[in-house]
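Participant: Mind looking over this structure? Questions follow.
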């Protein structure tokens with residue numbers, strides 16, 4: 001099993017972790033609400049976990065353009 005992190009805005013792969021490197025408890029998933037967990041985490045048939053996050057480029061774009069938070073997506 002591996003954890004794969006992808007940007008929720010542009011889809012770029014941010015990184016991956018092998019499950020043997022870290023326990024899922026240390027990732028803080030238990031602190032998410034059920035709605036957040038459903039929106040951010042998906043479990044694949046092969047046992048991998050895909051997590052939606054935000055990449056540095058998209059975070060910088062949001063920091064420079066706060067009104068982008070109003071949109072479901074700001075990538076065109």
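Heads up, residue numbers simply count up from 1 along the chain you see.
Cβ atoms here come from the backbone N, Cα and C positions, even for glycine.
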Participant: When you get a sec, could you say which of 68-71, 72-75 is annotated motif 'YXXY' by Swiss-Prot?
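Facilitator: Among 68-71, 72-75, the range Swiss-Prot annotates as motif 'YXXY' is 68-71.
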Participant: In terms of Cβ proximity under 8 Å, which residues at least six beyond the ends of the motif 'YXXY' (68-71) contact it?
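Facilitator: Result: 61-62.
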Participant: Please work out the helix, strand and coil residue numbers for the motif 'YXXY' (68-71) from the DSSP assignment.
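Facilitator: DSSP classes over the motif 'YXXY' (68-71) add up to 3 helix, 0 strand, 1 coil.
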